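**Q** Before anything else, here's the structure in question.
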Amino acid sequence: MAWKLSPIFKYTVRGNSMEPTFFEGDSVIVNRLAYLFKKPKKNDVIILKYPKNKKREIMKRIQRVTHKSYFLVGDNVIQSTDSRHFGLVQKESIIGKVTEN
């Protein structure tokens, strides 16, 4: 998969956890290098390795930043599996920042 080597790649939204901001099938541009010199911040939308299955990627929004971890939520709070279910996420799990849709 060439996209895994590219610093910028296209991600296709799966599921409804980020509605109404992003809908299933939407394509977004992800910057893998966005956090090389900057820290992730509140309200950033990110792609990350799903904590319960590291082979799967998911999209969430950073709601809270702690010292070295992040509390993530989906915009569709009722339908989202997020940090309320899998806990805080470390920076190493973040694949990149959503920069465009």
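Keep in mind that glycine also has a Cβ here, set from the backbone N, Cα and C atoms.
Pulled from TrEMBL, these are the listed features:
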ACT_SITE  SER17  active site
ACT_SITE  LYS60  active site
DOMAIN    8-62  domain 'Peptidase S26'
DOMAIN    64-99  domain 'Peptidase S26'
**Q** For the domain 'Peptidase S26' (8-62), what's the model's average pLDDT?
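**A** Mean pLDDT for the domain 'Peptidase S26' (8-62): 95.
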**Q** Using DSSP and collapsing to three states, where does SER17 (active site) fall: helix, strand or coil?
**A** coil
**Q** For LYS60 (active site), what is the tally of other C-beta atoms lying within 10 angstroms of its C-beta?
**A** 26
**Q** Applying a 10 Å Cβ distance cut-off over all chains shown, what neighbour count does SER17 (active site) have?
**A** 22
**Q** Work out, from DSSP, the number of helix, strand and coil residues along the domain 'Peptidase S26' (64-99).
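**A** Within the domain 'Peptidase S26' (64-99) the tally stands at 10 helix, 15 strand, 11 coil.
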**Q** If you measure LYS60 (active site) to SER17 (active site) at Cα, how many Å is it?
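**A** Distance between the two Cα atoms comes out at 8 Å.
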